[in-house]
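Structure first, commentary second.
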């Protein structure tokens with residue numbers, strides 16, 4: 001459960017990402033594919049080479065979904081319901097992949113926004129991404 005401080009940290013930090021959300025989302029995806037090659041199995045139709053337009057486009061989709069979630073921290077289940085259905089029933093993504101992508105996103109964000117990525121912000125973002133992962137895997141049961 002996100003505390004009021006967590007919510008403030010997440011909203012404030014996410015606001016500092018600005019127009020880079022898509023760029024950072026794509027970088028996090030590419031980082032995940034390189035670090036955890038088994039995650040590539042869900043993207044057989046993608047060009048997975050460095051700088052791929054498909055990775056960038058999907059990274060933007062991921063980042064846009066997270067931006068929506070940041071705007072609706074009080075109702076993550078409602079905000080992410082369609083994505084949860086899609087990943088559980090149609091795409092059948094292994095739930096562990098959400099944790100892997102969350103980790104790669106934290107690494108990416110910390111590398112770009114070092115000054116703002118304090119231990120407190122790190123903890124809040126980790127809790128936020130964990131909450132998102134929990135919602136996205138809720139329809140698997």
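Glycine is no exception: its Cβ is also placed from the backbone N, Cα and C atoms.
Note that the structure is predicted; figures quoted are calculated from it, not measured.
Feature annotation from Swiss-Prot assigns domain 'Globin' to 1-141; the stated evidence is sequence analysis. Taken as a whole, the domain 'Globin' (1-141) shows an average pLDDT of 93 in this prediction.
Taken from Swiss-Prot, the feature phosphoserine applies to 3 (among others), supported by similarity to another entry. Secondary structure at residue 3 (phosphoserine), as computed by DSSP, is coil. Non-local neighbourhood of residue 3 (phosphoserine): empty, since no residue in the same chain at least six residues away has a C-beta under 8 Å from its C-beta.
Summarising the annotation, Swiss-Prot assigns N6-succinyllysine to 7 (among others). The Cβ of residue 7 (N6-succinyllysine) lies under 8 Å from the Cβ of 73, 124, each of which sits 6+ residues away along the same chain.
As annotated by Swiss-Prot, phosphothreonine applies to 8 (among others), with the evidence given as similarity to another entry. According to its DSSP assignment, residue 8 (phosphothreonine) is helical. Under 8 Å, Cβ to Cβ, and six or more positions away along its own chain, residue 8 (phosphothreonine) finds no residue.
Using a 10 Å radius centred on the Cβ of residue 11 (N6-succinyllysine) and all shown protein chains, the other Cβ atoms total 14. Swiss-Prot lists 11 (among others) with the feature N6-succinyllysine, giving similarity to another entry as the kind of evidence.
In sequence order, 17, 59, 63, 105, 108, 109, 112 constitute the residues six or more apart from residue 24 (phosphotyrosine) in its chain with CB-CB distances below 8 Å. In this structure, residue 24 (phosphotyrosine) is part of a helix by DSSP. The phosphotyrosine annotation in Swiss-Prot covers 24 and is backed by similarity to another entry.
Annotation source Swiss-Prot lists N6-succinyllysine at 40 (among others), citing similarity to another entry. Same-chain residues at least 6 positions away in sequence with a Cβ under 8 Å from that of residue 40 (N6-succinyllysine) are, in sequence order, 33, 48.
In the three-state DSSP scheme, residue 49 (phosphoserine) falls into the coil class. Taken from Swiss-Prot, the feature phosphoserine applies to 49 (among others).
Applying an 8 A CB threshold to same-chain residues 6+ apart, the list for residue 58 (O2 binding site) reads 25, 26, 29, 43, 46. The O2 binding site feature in Swiss-Prot is assigned to 58.
Following the DSSP three-state reduction, the secondary structure of residue 87 (heme b binding site) is helix. Under the heading heme b binding site, Swiss-Prot lists 87.
Residue density at residue 102 (phosphoserine): 20 other Cβ atoms are found within 10 A of its Cβ, drawing on all protein chains shown. Secondary structure at residue 102 (phosphoserine), as computed by DSSP, is helix. The phosphoserine annotation in Swiss-Prot covers 102 (among others).
Within 10 Å of the C-beta atom of residue 131 (phosphoserine) sit 19 other C-beta atoms, taking all shown protein chains into account. DSSP assigns residue 131 (phosphoserine) to a helical segment in the three-state reduction. If you look up Swiss-Prot, you'll see 131 (among others) marked as phosphoserine, on the strength of similarity to another entry.
For residue 134 (phosphothreonine), the Cβ neighbour count at a 10 Å cut-off comes to 15, with all displayed protein chains included. Residues annotated as phosphothreonine in Swiss-Prot: 134 (among others).
A C-beta separation below 8 Å, combined with a sequence spacing of at least six in one chain, links residue 137 (phosphothreonine) to 84, 87, 88, 95, 98. Swiss-Prot lists 137 (among others) with the feature phosphothreonine, giving similarity to another entry as the kind of evidence.
Every protein chain shown contributes to the tally, and the Cβ of residue 138 (phosphoserine) ends up with 15 other Cβ atoms within 10 Å. DSSP classifies residue 138 (phosphoserine) as helix under the three-state reduction. Positions annotated as phosphoserine by Swiss-Prot: 138 (among others).
The modified residues recorded for this entry are 102, 131, 134, 138, and the Cα of 131 lies nearest to that of residue 11 (N6-succinyllysine). The sparsest Cβ neighbourhood within 10 Å, among the listed recorded positions (49, 87), is found at 49.
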